[in-house]
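Record features, source TrEMBL:
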type     : residues : note
SIGNAL   : 1-22     : signal peptide
DOMAIN   : 80-160   : domain 'Cadherin'
DOMAIN   : 161-269  : domain 'Cadherin'
DOMAIN   : 270-384  : domain 'Cadherin'
DOMAIN   : 385-489  : domain 'Cadherin'
DOMAIN   : 489-606  : domain 'Cadherin'
TRANSMEM : 606-637  : transmembrane segment
Amino acid sequence: MMRTYSFLTVLLWSCMFHAIHMRPSQKRTTKHLRSERVTGLSENDGETLHRTKRGWMWNQFFLLEEYTGPDTQYVGKLHTDQDKGDGNLKYILTGDGAGSLFIIDENTGDIHAAKKLDREEKSLYVLRAKAIDRKTGRQVEPESEFIIKIHDINDNEPKFTKDMYTASIPEMSGVGTSVIQVTATDADDANYGNSAKVVYSILQGQPYFSVDPETGLIKTALPDMSRENREQYQVVIQAKDMGGQMGGLSGTTTVNITLTDVNDNPPRFPQSTYQFSSPESAPPGTPLGRIKANDPDVGENAEIEYSISNGDGSDMFDIVTDKDTQEGIITVKKHLDFENKMLYTLRVEATNTHPDPRFLQLGPFKDTAFVKISVEDIDEPPVFSRPWYLIEVDEDAKEGSIIGQVVAQDPDITKNAIKYSVDRHTDLDRIFNIYSGNGSLFISKPLDREETPWHNITVIASEINNPKQSSQIPVFIRILDINDHAPEFAKYYETFVCENAKAGQLIQTVSAVDKDEPPRGHRFFFELVPEFAVHPNFSVVDNKDNTAGIMTRRNGYSRSKMSTYLLPVIIFDNDYPIQSSTGTLTIRVCACDSRGNMQSCNAEALLLPAGLSTGALVAILLCIVILLVLVVLFTALKRQRKKEPLIISKDDVRDNIVTYNDEGGGEEDTQAFDIGTLRNPEAREESKMRRDVIPETIFQIRRTAPLWENIDVQDFIHRSGLLSLTWE
């Protein structure tokens with residue numbers, strides 16, 4: 001209702017203004033629109049310039065927006081002094097909205113608005129008018145441009161740039177602290193009346209906030225607003241035009257304001273004392289429980305650091321902070337011992353990690369509580385007196401010798417008896433053993449340092465009443481060296497001497513090694529064996545640095561007389577007891593050049609100095625060839641004899657003895673011999689042999705006199721067997 005009343009008042013006022021200003025002013029029109037013809041000279045071509053004298057008569061036109069009358073709204077009238085009123089002129093209108101929004105009476109020049117106009121859509125229209133002679137069609141006036149301005153009315157309420165604003169401000173802020181600025185705009189003409197003059201006011205949110213009526217800046221109105229009491233506020237702001245006067249249009253927006261947290265609250269433990277317990281076997285790092293101090297702040301303002309500030313268990317326990325839950329976790333720091341101490345008391349402190357200096361006057365931002373921890377007794381395994389044992393023993397120690405002792409005891413109050421044993425996984429050869437009652441270690445097998453210088457075994461101590469309670473300890477056994485190995489040559493030496501060598505010449509340097517490791521290091525001595533103490537050919541010179549040199553004792557050596565020399569050398573060490581060995585050097589005699597470089601040491605070279613000529617060598621080779629030819633001929637003749645038939649004469653069967661090297665088959669063997677053939681040799685098949693085996697050797701025995709007549713079978717077999725034995 002108020003909005004309609006305001007609109008009618010403005011409309012009435014605008015119509016009165018329009019009636020006053022729509023009257024044509026002849027003087028103004030004549031003064032401003034009419035011009036006289038002027039004649040002048042052009043700079044370019046000297047032609048005469050003509051200024052036309054205009055006869056248009058109108059002012060700038062004005063029109064109210066949002067006209068709602070029953071008739072079309074009259075805009076104005078176009079008129080020229082060339083119009084005599086006889087209807088001979090025709091007015092034509094072109095430009096913005098001509099023919100659609102604006103209609104002209106072509107006879108009178110009256111202009112009407114055909115539709116309702118909105119200044120916010122378009123505030124002015126530019127049109128062009130001309131008058132033409134109906135008879136000739138000629139323009140009586142040049143085309144002229146004019147403007148129709150749309151007058152504003154208050155038909156738009158203020159609108160905020162956002163439907164909803166969001167802002168935040170730290171809690172405990174002072175009065176007048178800026179929160180956010182809201183802005184509303186009015187589409188009406190700001191240059192025409194108060195239609196676009198906006199005033200801000202707060203409808204909801206008091207007494208906490210206020211708003212500047214001109215700028216829309218929202219500020220705090222109360223001091224020390226606490227987020228812990230209230231975090232969210234909803235403020236409604238109104239923007240009203242017409243300077244906030246009665247009848248003005250208005251719009252509203254909502255501002256959601258959040259109080260952000262500051263660290264204005266210290267942590268507080270909900271209770272002053274906490275109770276926990278721990279078994280004495282708990283390893284370091286075992287968590288025992290959690291405590292938590294409450295802080296109503298949020299985020300980093302609620303972050304808490306826990307620490308143990310005092311107490312008799314500060315060195316036995318520790319506390320760490322769980323960053324996710326802001327809890328303090330009590331953990332074991334060192335091994336506990338029920339027999340030593342059964343109860344601990346800790347003083348735990350909770351402190352804010354990010355205190356705000358503005359609120360330190362409120363008090364210390366920390367709190368304390370007491371934590372009592374009781375230790376529970378459990379059955380513990382035996383404990384050795386040392387973390388490990390080192391035992392040294394000579395490698396010549398006798399079997400059964402005690403080499404050391406390990407000691408363990410039960411830490412519990414009961415002090416149970418202990419039994420010792422060796423972990424056989426660490427002593428597979430069973431070289432060591434232990435007395436189960438007192439932990440004494442002794443040797444079961446001989447030791448050899450050169451084979452195994454160290455032995456690492458594990459000894460187990462168990463409670464007799466509860467064998468499951470056991471402990472292990474490493475025992476390192478070092479085998480000490482005894483001089484039980486003789487030194488020997490470090491390697492095999494290939495030594496040679498030149499035939500043209502001179503006396504006192506060094507031909508080889510030898511060194512030695514020893515498997516033993518004396519504490520003062522090795523020291524070796526070299527000398528010839530007593531039988532070769534004065535050797536006519538070579539000598540040994542000890543260099544006193546664990547090496548020795550082999551020297552020649554005469555000038556010149558002959559391979560033809562002696563191609564190889566054997567030189568036995570004795571090597572001694574200096575440890576106790578002294579060990580020695582004899583090594584033999586093989587020295588070959590070789591041909592060398594003038595600078596002592598070896599050229600040849602093989603057997604072929606030995607023949608040349610023997611004085612054999614080339615002819616002798618050729619004769620030897622020829623003999624070898626003849627011998628080879630004879631062997632080939634003999635082999636060929638032997639093969640030819642094997643191809644001759646087994647029985648040469650049909651009349652003399654006894655001259656052919658066949659050896660099959662197998663036993664007879666007895667009476668059932670009908671394939672071996674034909675008894676009829678033995679009794680009647682003439683009736684035998686020619687060249688008939690055994691069908692079941694192949695003969696290995698054929699011996700041919702030839703006799704001149706036949707022995708078949710008057711000889712029975714038994715005598716024949718006996719004779720044949722004797723002949724066969726004779727040949728074998």
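Note that Cβ sites are derived from N, Cα and C of the backbone, with glycine treated the same way.
Predicted automatically and left uncurated, TrEMBL annotations should be read as such.
Predicted, not measured: the structure shown is a model, and the values here were computed from it.
Per DSSP, the secondary structure of the domain 'Cadherin' (161-269) breaks down as 3 helix, 47 strand, 59 coil.
In terms of DSSP secondary structure, the domain 'Cadherin' (80-160) contains 0 helix, 41 strand, 40 coil.
Under DSSP, the residues of the domain 'Cadherin' (385-489) split into helix, strand and coil as follows: 3 helix, 47 strand, 55 coil.
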